[in-house]
Structures are given as C-alpha cells and as structure tokens.
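In TrEMBL this protein carries:
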{"type": "DOMAIN", "residues": "41-500", "note": "domain 'Major facilitator superfamily (MFS) profile'"}
{"type": "TRANSMEM", "residues": "111-129", "note": "transmembrane segment"}
{"type": "TRANSMEM", "residues": "141-162", "note": "transmembrane segment"}
{"type": "TRANSMEM", "residues": "168-197", "note": "transmembrane segment"}
{"type": "TRANSMEM", "residues": "209-230", "note": "transmembrane segment"}
{"type": "TRANSMEM", "residues": "236-254", "note": "transmembrane segment"}
{"type": "TRANSMEM", "residues": "307-328", "note": "transmembrane segment"}
{"type": "TRANSMEM", "residues": "348-369", "note": "transmembrane segment"}
{"type": "TRANSMEM", "residues": "376-393", "note": "transmembrane segment"}
{"type": "TRANSMEM", "residues": "399-421", "note": "transmembrane segment"}
{"type": "TRANSMEM", "residues": "442-464", "note": "transmembrane segment"}
{"type": "TRANSMEM", "residues": "476-496", "note": "transmembrane segment"}
Amino acid sequence: MGSAPEVLAQRSCGKLIGTRFLQYLNGGPLSFKTHQAIVLIVTFFAYASYHATRKTTSIVKSVLDPQSSAIGLTFFPFRPTNFTESNGSKTLSSNLGDGWAPFNGSDGTSLLGQLDVAFLAVYAFGMYFSGHFGDRCNLRIFLTVGMIGTGLFTSLFGVGYWGNIHNFYYYLIVQMIAGLFQSTGWPSVVAVVGNWFGKSKRGLIMGIWNAHTSIGNIAGSLIASAMLSYGWGWSFVVPGLMTAFVGLVVFLILPVTPESVGAREEDEFSCPIKSGEEAAEPLLRQETPVEEKEAVGFIEAWKIPGVAPFALCLFFAKLVAYTFLYWLPFYVSHTAIDGKYLSSGTSGTLSTLFDVGGVLGGILAGHISDHLEARAITAASFMYCAIPALFFYRSYGHVSLIVNGALMFVTGMFVNGPYALITTAVSADLGTHKSLKGNSRALATVTAIIDGTGSIGAAVGPLLTGYISAKSWSAVFTMLMAAALIAGLLLTRLVVSEVATKIEESRYNRAQDCSFNV
C-alpha cells in the first residue's frame, strides 16, 4: 500500500483520464507549469476549432451564391477604379458553378446575410446565459458539450449537400442551434485560463494565446477551400468532425482550476504532500474549492468599473472584425484585382492574410498594454489606426495581389488587435477586479457580458453588409470606418483616466528623483 502522499496525489490528480496518462508518461505527478501548458494548449485548440467552423460559411458563400451581377461596384465616396476586364465584362471563375438554391437567386446575398445574423444573434443571446452557467458548473463538461454540439450542427449544414436540401429554413435552424452551442466556448476558455494565470504579463500571454482566433480562421479557410473541389458539404463536415474530436480531448485532459487537480504554484509538483498533517488540505480543496463565495450576478457584473465601456467598445470592434470574417472572401472574389477576378478557393486562401495580421495585432496589443499598463489607451489607439487602414484597403486593394495582401494584413492587425485585447486580458482583468474583493467566480460572467455585447455587433455588421453591399461596397467600408471611430471614442473616459494616472506617476517619479539629487 502506498504512502499517504502517493495515495492523495492519485486521488486529487487522477480523476482525468488524460491526466493519469500524462502522469504515467512523466513517471510522476505533473508540475504546476506543466498543467499551465496543458491549459494553454488545450484551450488554444478548442477555441481555434470553434473559429474554424465559423469561417467555413464565408468560404462557401461564393459557391452557394455565384451571381455575377455587378455587386457593390459603385465607389462613392471613393474615386472610381478599374474593376472590370478590358472588354468591360465581368467573368467569374467557372469553378463557381450555378450555385445552390435557395441562395443562387436574386436575393441570395441577403439570405446569406440572414444566416449570419441568425447565427450571431443566437450566439450573443446564448453568451449571456453561458457565462451565468459557466460560473456555476463544471467548465470542462460545459465546454465538451458545446464543442460536440457545435461539431454536430456544423456537419448537419454540410449534410444539406448530399441530402439535396434546398429549404432555407433547414439551414437557418441548423445555424441558429450551432450558434447556441458555440456560445459555450469563449466564457469557458477565458475563465479556465484566468483561473491558472495571474495578471503578470497577462496581456502578452493572452495576446499570444488569442492567436487561436486567427489560426482557427486560417485553418477553417484553408480546409474549406481545399474541400470545395470535392463538394461544398465537405467544407462543413470536416471542420465539424475536428471540433467534436477536440471536444473529447477537452473532456479527457483539461484541468479547470489548480484546486481541481490539487496543484499549487509554489510547489514543485501538482500534488505535493509533505506530512501527514498537511495531507488533508489538498484533499479538502479537491472536494470543496477554496473560494466559497457565490458567483457574481449578471447585474452586479455590469456594475464593475470598466465593464460597460469595454463591452460597448467591443460591440463596434466586433462589428468590423466579423464583417471581414464573414464577407472578406466574398468581397475578394467579386473584386477585380489587377483586372482579374479570383476563384472562390483562391479568394478564401488570400483572405487568410487578414487573420495572419490579426495574430500579430493581438500579440502587439497585449505586449504594448502590458508595457504601458494601459489597456484602454492601447485598444483605442488600435481602433483609430484601423480607420486609415480600412480606407487604403478599399481604395488601393485592387492594384495588385501584393498590394491587396499587404493592405489586408495591416488592416487585420489593427482591427483584430483591440478585439483580441478586450476579449482576453481586459475580460480577465475585470473578472478579477479589486471591487470583487477576491471573488474569482465572476470570470465567465464578465467575459460573457463583454463578448456577448460584442457579438451583438458581430451580428449587426454582417447583416447590414448583406444588404448594403448589393448597392455599394464603398458604403460598407464607410460603415466600418464609422464603427471603428465610435469604438475608440467609447473608451475616451478610460483613456483620460489612464493618461491622468500616467501624468501623476511621472510627476511622482520626478519628485523622487529631485529628492534623491538634493
């Protein structure tokens, strides 16, 4: 029979099958840092798979609706540019085919926009409830159910291809249910990461970790584009199955909190027991969490300083980001670049540069905000920089593939930078705000409020684009620039507060230097 430390280590750390397997490979208990690495890696792939399933719709749009009318080729208020072939006709790639009813009719663009808004509206609605439940239940189980459900209903959308389904309401209902399952993801992964990482360098760590959004978009674009040649149904089924698989990995291996596996940051191993008297402490922590306070309510979470302005800012930031997420490949395929129109697959591949720029933007925003200790200043600055980036991409993206890709990259960096910062480090900071007096059971709720509010904007942007783009893509970009401006202005009070704090700190430091010199 093993010693007390060995028995307790097995009881506190051996519940997860994946953890037991890793312990076997490791030859002993896992260190705290190893658990942190597991959390980062598993949650990274979990949310990347969520975004991979979201991206598929934007790639398949040009196949479902390959209409060749001059969509959005009027250029008010920008100067006219050459978006037609030399003979004045617009010729789309023959790979587009005849489309898929009911999306290949004259109202196909608006129908696709309705799918987007239905998905995102249910996603935003479900987000508020997901945060509430997330702070009150086992996040590992909650996330697993969400991922398997997401994978199932993403695949069911693709099943419409083999089932020869042309009923719009089938796709609408499937998208809405998929949106509900997807709403479980973000509050869960942010809460888990927030449980394992303190505020030190949180912006940089979460900025790097938040690359899962862009990586997921890129992977979804590449997979969906590659599958188009086999039938557009595969563009949904493959990412759906991948998401369900990652959900099983989450169930097997993800430790939700250090207490759930008896881990202590100051100890070398995850379940260190040094004496018989100390042995009962981790065991009690396993069964009864250290934090006995009740989860923070929905209204109380809104009252936390900073939650409302950042939530409203994210409304407009995600309006811009998700318009690109859902419509960029479609826009590229209907825009003459150097006098030529790209196929759906090529357009989808090119659009990944927006997400590549987003990876860099998220990391830069996190690092800068850590260095300046000013989240609002960083987020607002990026949003203001996004305005000229959007203008130049719209005005000069047609010149050549290189110019289009470069401007798309820069636009992605400034658009996704603040989006990534607010949904990660800012949400985690506010979820552990000093006004909560040590109550950690607000992370999922605060995250859900901020991202849920942002998701309403994410629904509004693609919906408006579906209608506005039929008349003018320039009007769409004008809308996006206005949204970026409003997003920055909403943080003005917080920016002023941070600037005032920096000035006071500077004066204090100068006074200290003068006193030392004297």
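Even glycines carry a Cβ here, placed using N, Cα and C.
Note: TrEMBL annotation is automatic and uncurated.
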Decide whether the stretches the transmembrane segment (141-162) and the transmembrane segment (236-254) have at least 3 CB pairs under 8 angstroms, with pairs required to be 6 or more apart in sequence.
yes
Local confidence of the prediction over the domain 'Major facilitator superfamily (MFS) profile' (41-500), expressed as mean pLDDT:
80
Folded-back contacts onto the transmembrane segment (348-369), same chain, C-beta under 8 angstroms, at least six residues removed:
58-59, 203-208, 210-211, 213-215, 217-218, 221-222, 224-225, 324, 328-329, 332, 342, 375, 377-379, 382, 401, 404-405, 408-421, 424-425
Of 209-230, 236-254, 376-393, 399-421, 442-464, whichever stretch has the most CB pairs under 8 A to the transmembrane segment (476-496):
376-393
Positions on the same chain near the transmembrane segment (209-230), where near means CB under 8 A and six or more residues out:
40, 43-56, 58-60, 63, 95, 193, 236, 238-239, 242, 325, 329, 344-346, 348-349, 351-352, 355-356, 358-359, 362-363, 366, 412, 416, 420, 423-424
Are there residues at least six beyond either end of the transmembrane segment (307-328) with Cβ under 8 Å to its Cβ atoms? List them, or say none.
54-55, 57-58, 61, 116, 120, 217, 301, 351, 354, 376, 379, 383, 386, 390, 408, 411-412, 415-416, 418-419, 422-423, 426-427, 430, 446, 449-451, 453-462, 465, 469, 476, 480, 483-484, 486-488, 490-491, 493-494
Could you tell me what the rest of the chain brings near the transmembrane segment (442-464), counting residues at least six beyond its ends with Cβ under 8 Å?
113-114, 116-117, 119-121, 123-125, 127-132, 134-135, 139, 183, 186-188, 190-191, 194-195, 295-298, 301-302, 304, 307, 310-312, 314-323, 325-327, 419, 422-423, 426-428, 430-433, 436, 476, 479-480, 483
